[in-house]
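The annotation NAD(+) binding site is assigned in TrEMBL to B:TYR133, B:GLN194, B:ASN217. Annotation comment: TrEMBL describes B:SER240, B:GLN262, B:HIS265, B:HIS331, B:ASP364, B:GLU418, B:HIS423 as substrate binding site. Per TrEMBL, Zn(2+) binding site is recorded for B:GLN262, B:HIS265, B:ASP364, B:HIS423. Sequence annotations record features per position, and here TrEMBL assigns active site, proton acceptor to B:GLU330, B:HIS331.
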Number of protein chains: 2
Amino acid sequence: MLNIRKLSANAEGFKAELEALLAWETVSNDSVNEIVKDVLKNVRERGDEALLEYTAKFDRLTLAKGSDLEIPKSELEAALKRIPQDQREGLELSAQRVKAYHEKQVMKSWSYTEDDGTFLGQQVTCLDRVGLYVPGGKAAYPSSVIMNAIPAKVAGVPELIMVVPTPDGEVNDMVLAAAAICGVDRVFTLGGAQAVAALAYGTETVPPVDKVVGPGNIFVATAKREVYGTVGIDMIAGPSEILVYCDGKTNPDWIAMDLFSQAEHDEDAQSILVTQDAEFAEKVYLSMNKLVKTLPREEIITKAITDRGAIIVVDNEDQAIEMINYIAPEHLELSVDEPKALLPKIKHAGAIFMGRYTAEALGDYCAGPNHVLPTSRTARFSSPLGVYDFQKRSSLIMCSAEGANMLGQVAGVLADGEGLQAHAASARYRVKD
Amino acid sequence: MLNIRKLSANAEGFKAELEALLAWETVSNDSVNEIVKDVLKNVRERGDEALLEYTAKFDRLTLAKGSDLEIPKSELEAALKRIPQDQREGLELSAQRVKAYHEKQVMKSWSYTEDDGTFLGQQVTCLDRVGLYVPGGKAAYPSSVIMNAIPAKVAGVPELIMVVPTPDGEVNDMVLAAAAICGVDRVFTLGGAQAVAALAYGTETVPPVDKVVGPGNIFVATAKREVYGTVGIDMIAGPSEILVYCDGKTNPDWIAMDLFSQAEHDEDAQSILVTQDAEFAEKVYLSMNKLVKTLPREEIITKAITDRGAIIVVDNEDQAIEMINYIAPEHLELSVDEPKALLPKIKHAGAIFMGRYTAEALGDYCAGPNHVLPTSRTARFSSPLGVYDFQKRSSLIMCSAEGANMLGQVAGVLADGEGLQAHAASARYRVKD
């Protein structure tokens, strides 16, 4: 039988147990840090030459010259033609729905003019060039290409550069097909810290970008942390998590499988069921035991459920909501009759899946919203990846002579108060005599 | 005579010289890192007791118990009554204008329903509790209280906690008055890494927050970097910079003083003049030499101008614009006749000050937009502090039975393609038989 924690929200010591369950500290690894720093330095100083060496070493792929690193667009189109029809249609539908959703996010410039003629506003622009990291090998996810590339393109980013390692020369057709569908501009066969270095600093072949996004292993994550400041980065995600809140009226098999769809990601993933129905909790547990055996990733699921899973029984809905807001889950399923009624009470969650039909997996692939979401309680202060991450704002200020006269006097007083006399003088030059 | 670099954009080696001039790498300091880690650990484990020890040691302020760390609201109101009338009016006008501007930034929730009944949207919420760090002593800036507190309050943050050290018990009345005006909820006399630790982890007296914002010295910046992930943080700013682009028709004294208003911040600050008028460049240089002697911060200004300042002569407006977009300045002054005509060409800048009357200093205090801006070329990918930093988004997905039927099939195909069978099964449970 699966060994999942069964907790009661009213039990003594529950809060401490919950805290321990949720605790996740990214372990920084000194030897990884050393290696990554070395790779970054090398690529920064030696450019393509270093890239070719690392690619030969880590991906066992020997290329003659820098330009061989580029996968031509014709290859992407060929991959798109090669994949099965249903996969192609699936990717296309996904891209189309993700685009439609993200188009609602586009920020627009605005401005207003005050009575004295002073003009204030905010100019919204997009990033010039963005780099998208896509993992290679087994964990190659075309859905991740769609979720990162589409918001950048909707924001208007003119140049989107993708890097994806092809270990032993092995190419993932679905990933290349997704790149073709999303309008990725250039693709390089690069992975690991060397790919992040190439994007951040640029080489003879790879142009430097302004922001690097996309998931990766610990070397990639460490490299992104290191180059942050030189370029922007997206969040560095922790393990994936789901909190399913169910009133006890959904098919327990469905709920069990929803919990497993997180647990199968990796052994650190977290799946939590919250319900006020203790009998239902037991039914889900039985379903889990029955279903786990049917899944190819049984081993990963079993470890994730044992180490980090939980079934929590609460007294009532209010207690469930309190728990949700405390946990601030990356994925929240509200498997209840009237999920919309709960929304005003839910303060912290990455994405909210409402009703019995809305499996979290639908959001991973094709519902429309992004699947890159804040993990490890960071939904308390951060948001899903979106068009916002590929746009930026510049403040606009244009004072009329009248406006500058008034504001100059005030700024002069406040600058004097802060002991900044050049500020005061600069402001007062604009005050009428 | 001031020793400022005079460069011509067409000179051989200009690009390399410009790059060297702009280069800014935050030096990470091992001994600071050690001290900060120790402080964080101590406060996390020992709470108030550690806070009282550090406050006695670093601020030479001995307090009997944790609750003595709190500065009561009555003290803030008393400070507001104590400061001179013109300062009070200045702070009030500033707060009011900053509020009016930031109210335009508030993000609203939205949603839409598709033909098959599937509901998609985005729910916008604010952070629950925010911590605002305010430096104490000489560099105590009430304007910084306004610029950080007002966007949080406009976003709707219910609890805004301010920390400000009071070295030797010395309180800055303008800072406390600004806190009163902005509606800061609680204030603690705490500074340094220990203040950041208290905000991030909470103690018996200080409640834990969800995000820490505000400027600070290297100990504060290092502590913020360390606690990032546990809480959100705002950007970690580099030295302040200004790029003034002038067509040669503004009073050279005004331009010289505008350049100094950045240079006086600290010795690493950067002031750059770009103009196509070589004669005007020389006039500004003469003004700088004349005016620097009139300023109490002459020494700081001289060092900043010598080490990091530049006067760059360009051929024409297009070359100036190209330079602006490359430099992506924190503050950009367009001291020209038709600044609005240039806006569509300007892609990267923190704040744009347009026209001869718009001294950058007006934006620092009271124009309305925020003075917390991206430095060191990061305006290529980041934005001024705003209401956005205190709001967050949750994706909303509610599939109808029809919608889940269609999306479940697609998600099934894509999940199979990625080798995630629990995802596929979870999606397919919602497909009609």
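Glycine is no exception: its Cβ is also placed from the backbone N, Cα and C atoms.
Note that TrEMBL annotation is computational and uncurated.
Positions of the features from TrEMBL, shown on the structure.
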residue	record	DSSP (3 states)
B:TYR133	NAD(+) binding site	strand
B:GLN194	NAD(+) binding site	helix
B:SER240	substrate binding site	coil
B:GLN262	substrate binding site	helix
B:GLU330	active site, proton acceptor	coil
B:ASP364	substrate binding site	helix
B:GLU418	substrate binding site	coil
B:HIS423	substrate binding site	helix
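For chain A, the nearby binding-site residues by a Cβ gap under 8 A, listed in sequence order, are B:ASP364, B:GLU418, B:HIS423, drawn from B:ASN217, B:ASP364, B:GLU418, B:HIS423.
Ranking the binding-site residues B:GLN194, B:GLN262, B:HIS265, B:GLU418, B:HIS423 by Cα distance from B:GLU330 (active site, proton acceptor) puts B:GLN262 first. Proximity to B:HIS265 (substrate binding site), defined by a C-alpha to C-alpha distance within 10 angstroms, is shown by none of the binding-site residues B:TYR133, B:GLN194, B:ASN217. Each of the binding-site residues B:HIS265, B:HIS331, B:HIS423 was scored by how many other Cβ atoms lie within 10 Å of its Cβ, and the smallest score goes to B:HIS265. The Cβ of B:SER240 has fewer other Cβ atoms within 10 Å than any other of the binding-site residues B:GLN194, B:SER240. The two recorded residues B:ASN217 (NAD(+) binding site) and B:GLN262 (substrate binding site) have their Cα atoms spaced 18 Å from each other. Summarising the environment of B:GLU418 (substrate binding site), the number of other Cβ atoms within 10 Å of its Cβ, over all protein chains shown, is 21. For B:ASP364 (substrate binding site), the same-chain residues lying six or more positions away in sequence with a CB closer than 8 A to its CB are B:SER143, B:SER261, B:HIS371. Between B:GLN194 (NAD(+) binding site) and B:SER240 (substrate binding site), the C-alpha separation comes to 26 Å. Long-range Cβ neighbours of B:GLN262 (substrate binding site) (same chain, at least 6 residues apart, Cβ-Cβ under 8 Å): B:SER240, B:GLU241, B:ILE242, B:ALA269, B:GLN270, B:SER271, B:ALA304, B:HIS331, B:GLU360. Each residue contributes its Cα atom, and for B:GLU418 (substrate binding site) and B:TYR133 (NAD(+) binding site) those atoms are 46 Å apart.
In this structure, the CA atom of B:TYR133 (NAD(+) binding site) is 44 Å away from the CA atom of B:HIS423 (substrate binding site).
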